[in-house]
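Taken from TrEMBL as is:
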TRANSMEM  69-89  transmembrane segment
DOMAIN    116-310  domain 'Inositolphosphotransferase Aur1/Ipt1'
TRANSMEM  150-169  transmembrane segment
TRANSMEM  181-198  transmembrane segment
TRANSMEM  242-263  transmembrane segment
TRANSMEM  275-296  transmembrane segment
TRANSMEM  308-329  transmembrane segment
Amino acid sequence: MVSNKDIVEPGSVVLFFTLGTLWNRRRSSKVELPSSPRRLPTHYGSEQGVGLLVIPDNTPSRRNLLSRFVTAFPFLVEIWYWLLIYWVYQLARAYSAYLVHDSSESLKIAERHATSILSLERRLGVDMEKHLQRYILSSSSWIMPLLAKVYYSHIAIGVAFLGYTYRFVPHGTYTKIRRTIAMNNFIAFVILTIYRCAPPRLMPKSYGYIDVLHPHSNATSLTPSSKAEEFSSTSIWNDNHFQLTIAAMPSLHFGTSLFLAVCMIRFSPHPFLRIIAPLWPTAMLLTILATANHWVIDAMVGSFVPYIGWRLSWLFATKLFLAIDGWCFRACRIEKPFIEDDTIVAEDEMTR
């Protein structure tokens, strides 16, 4: 049965992409080049490189209908990049999930890693997941549906963020932000592949964690102890060949929300948005802990992923990736829209 979440979440993504495309449209589809050739990419108007590193010149496709359409709506290119980043990451996770689905050894390793993380948290005095969840379920259970909405709006908020920064942030900065998000996904996938870790909600029933996001049935009236009994059975989310459930480390939900907030604080021209930006990672941290989807240390590690991703984002600006990008546009017979930018982000700008 299709739930409202299955409709609202993708629908909101499509809505924000549509609004971003219209919001960032150009008045004319005519390509306007800068007066100084020094502002153009070094490969613009000629093919640069050798062999596989040749960056093609796509200016002959400038008058094509598709080129003119994309020039008028340049945010369409960002939708293509987002879809590429998203589906490469999701398909990689799905393949990884398929490989370990019937592997009892992988599940044991993931549970053992989770137990080690919990032991470390107890030594550090930060093992708050179960206490926080029980407190909310016993005294403020009405918050849980709101936290579920926060959790599932993770992607939609990211899309809205891209539409906003594309319009209000210098393009060089925006490009670095987008490449950082792609690098974050890569780093997170490497970590979760090397270090399989079960989330609290998939630990044995004796640990007392409750899977409140993927319950079998509506049990909002039950006490926390009976909820643990009710939710201990396997759900379709936990028994799906393509759902990678043992991927708690790191928390990309929190890492991404923190990165978006830092970018808003650092680059947004609107004071009000800079003030409220920290609310998003705060809400996400509360969500992932209260819903038993991540450990505290998962969030700690996740917060460092964007920092590393920002430092390594230049890898996606090397000739190899520029060549791949150029040949993809060549295959579609499209000239990529030129966007002039007066401000290039310094490598250490985020840490100032």
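Positions of Cβ are set from backbone N, Cα and C atoms, glycine also.
Sequence-distant contacts of the transmembrane segment (150-169) (same chain, six or more residues past either end, CB-CB distance under 8 Å): 5, 9, 12-13, 16-17, 19-20, 23-24, 75, 78, 82, 86, 177-178, 181, 213, 253, 256-257, 260, 263-264, 267-270, 280, 283-284, 287-288, 291, 293. Looking at which of 69-89, 181-198, 275-296 has the most CB pairs under 8 Å to the transmembrane segment (242-263), the answer is the stretch 275-296. Sequence-distant contacts of the transmembrane segment (275-296), counting only residues of its own chain at least 6 positions beyond either end whose CB sits under 8 Å from a CB of the stretch, comprise 114, 117-118, 121, 126-130, 132-133, 136, 143-144, 147-148, 150-151, 154, 157, 197, 199-201, 209-213, 248-249, 251, 253-254, 257-258, 260-262, 264-265, 268, 302. Over the domain 'Inositolphosphotransferase Aur1/Ipt1' (116-310), the average per-residue pLDDT in this prediction is 86.
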